[in-house]
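Just below is one structure, and these are the notes that go with it.
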Amino acid sequence: MLRTMMTAKIHRATVTHADLHYVGSVTVDRDLLDAADILVGERVSIVDVTNGARLDTYTIAGERGSGVLGINGAAAHLVDVGDVVILIAYGQMTTEEARALEPRVVHVDVGNRIRAVDADPTAPPAPGLERSPLAEPV
């Protein structure tokens, strides 16, 4: 049996643009993709912290160091510029591989610059945010 596991996430990024008429995808600063080990064309889920919307799309590389995180195509109806989002990548693996998995969690600031990279998906990324009291630290 294969399990679908979170392999990477870019946590609490700020949407810099939304383009309804662009071919669908999410444009992500190449530095963020590299830090998260997310490939160009890889399927990702986007969770909008601001409004609760969830969607799946694929990544395209944005200019390195630009901080770009652009929502393209029909998804622009669901996510607005300035929204805070989480990009999540998943992978399928055996139970043994899943138990050994150390996901890449990229924490960013409001300008989408990397603040920290770790393997704990429950770690609070910034002051004022807390780990759920129900979550077990990784």
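Using N, Cα and C of the backbone, Cβ positions are placed for all residues, glycine too.
DSSP assigns Ser25 (active site, schiff-base intermediate with substrate) to a strand in the three-state reduction. For Ser25 (active site, schiff-base intermediate with substrate), the same-chain residues 6+ apart in sequence whose C-beta sits under 8 angstroms from its C-beta are Thr57, Tyr58, Thr59, Ile60, Asn72, Gly73. Residues annotated as active site, schiff-base intermediate with substrate in Swiss-Prot: Ser25.
Annotation comment: Swiss-Prot describes Tyr58 as active site, proton donor, evidence class sequence analysis.
In this structure, Ala75 (substrate binding site) is part of a helix by DSSP. Under the heading substrate binding site, Swiss-Prot lists Thr57, Gly73, Ala74, Ala75.
Under the heading pyruvic acid (Ser), Swiss-Prot lists Ser25.
The region 'Disordered' annotation in Swiss-Prot covers 117-138.
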Report task. Could you say whether, by DSSP, Tyr58 (active site, proton donor) belongs to a helix, a strand or a coil region? Result -> strand
Requested in this report: Sort out the sequence-distant neighbours of Ala75 (substrate binding site) for me: same chain, 6+ apart, CB within less than 8 Å of its CB, listed by position.
Outcome: Ala18, Gly24, Val26, Ile46, Leu55, Thr57
Query - Listed in sequence order, residues not in Thr57, Gly73, Ala74, Ala75 with Cβ within 8 Å of the centre of the substrate site Cβ atoms - result: Gly24, Ser25, Val26, Leu55, Ile71, Asn72, Ala76, Leu78
